[in-house]
Every structure is written in structure tokens, then in C-alpha cells.
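Asker: Dropping the structure in here first, questions after.
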Amino acid sequence: MEGCGLQCIKYLLFAFNLIFWLAGAGMIGVGIYVMVAYGVPDVLSLLSISELVLKGGAIGLIVVGSIVFIVGFLGCCGAIKENRCMLGTFFTLLLILFLAEVGVAIYAFVQRGQFFSLIGTAVDTASTVPYGQDLAVKTLVDFTQTYLKCCGMNATDNWGTPAPDSCACAADMTASTICTNDVYNTPCKANIIAFLQQQVLIVGGIGIGIGLTQLIGMIFACCLFQAKGKEGEIV
């Protein structure tokens, strides 16, 4: 292949797919971790979230990660070897993956209300679990209260008195409006919903960025595919 432009495209496509390949490996690793991690199923069961849902999500993550892993591998090899067969397969799989992501994004947008409703129900269930009864849940509650600066799930007195240490305001916040008697005066449910809504926007932005990157990858693959077709494939 000749031409500085096509050489740049070749190595950019390789770099893009190397990142894609590593991302796929990471997704597989996270999926496996969720499947075997100690304490995660216990937390979800106490929050009325089925372990079947957890395992289904983990399996889905492993499957998607495997597809991403394969696509990244084909893209890397196709770019470096300048192999039209690999480039064509890479383009086809990436297009399928892109269309699937668009479908999932549309479904998630339509179902967002139900998602937040389920989160609210899970928080309501968590408020009925005595504080400290389960170590995994206690750890989750403590982290939530400390990070989101709140106390209790539906009410600040959910855990009775005295309030857990994680309800205590930071030393520099004891005089602020979010504290009463040195503990946070806001229940966590509203803070959790607001936090998740913010994260959904961030995830949506990341998803758009990934989609645009995939489109660029498909364009690069087409350029290399056509260039090899004109000058003859060298395998």
C-alpha cells in the first residue's frame, strides 16, 4: 500500500482496534468477576434484585465482551496484514455491533422510567433491612451514605438511634444546611436517584462517543479494503 494517507489510516485503525480488543478483554473480566464475586449476590438478594438478573447481566457482558474481543482482533490483524477478508469481516461485525448498540440505547431510553422505579423499590427494600445485619449490605449502605452525604434510605431515622458513623457529617460541614445535630438530614433515596440520573447522562455521552468512534473505524476499514482491491491483495 502506498501513500502517506493510507499508511496513517492503517496504523490508526490498528490503534483503534487494539483499544477495542483490550476493552473486550476488560468486559469479559468484569463479567467473570461479577459471576464469582463474594457478597454481590447477597447484596442484590436483600435488595430484591434476583441473582438470575445478576448472572444474566454478567453473561451478557461476557458475550458482548467476547464479540468486542473478536472484532478488535480481526481489526488489528486485518489492518497490519492488509487482509481484505479480515477487513471485510471486521466491518460487518462492527456494523452489527453498532446497530445492536443503537437498539439497546433506544430500548434503554424508552424504559428509563421503569428502571428508576425499580431502583426506588430496591431502596425501599433496603430500608427494611436492619443496619449491620449483613456485612455486605452494611458496607454498601455506609459507602452510599458517606459518598452521597445522606442518612437512611427513606428517612433519616431508618436505622434508629444512635445513627451509624457513616451518617456523621464531615468536620467542615457540621454547620451547613445538609446537617442537623452533626448528621446528614437528607434521606438517601432522592440522592441515589439524582446520582443515577446524572450517571445515565454521562453513560449516554460515552455511548455516543463510542458510536462515533465505531463509525470512524468502519470508514477506515472501507478505505483500506478498497485500496487493497485496487492494487491487489498481499496476504
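Heads up, the Cβ atoms here are built off N, Cα and C, so glycines get one too.
Any TrEMBL annotation is an automated prediction that lacks curation.
Taken from TrEMBL, the feature disulfide bond applies to C150-C179, C151-C167. Residues or ranges marked as transmembrane segment by TrEMBL: 12-38, 58-80, 87-110, 200-225.
Could you tell me the structural context for the features on the list?
Answerer: The Cβ of C150 (disulfide bond) lies under 8 Å from the Cβ of T144, Y184, T186, P187, C188, N191, each of which sits 6+ residues away along the same chain. In this structure, C150 (disulfide bond) belongs to neither helix nor strand by DSSP; it is coil.
Around the Cβ of C167 (disulfide bond), 25 further Cβ atoms fall within 10 Å across all displayed protein chains.
Same-chain residues lying 6 or more positions outside the transmembrane segment (87-110) and placing a CB less than 8 Å from one of its CB atoms are 17, 67-68, 70-71, 74-75, 78-79, 204, 207, 210-211, 214-215, 217-218, 221-222, 224-225, 228.
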Asker: Let me check the 10 A CB neighbour count of C151 (disulfide bond). How many other CB atoms are there?
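Answerer: C151 (disulfide bond) is surrounded by 27 other Cβ atoms within 10 Å.
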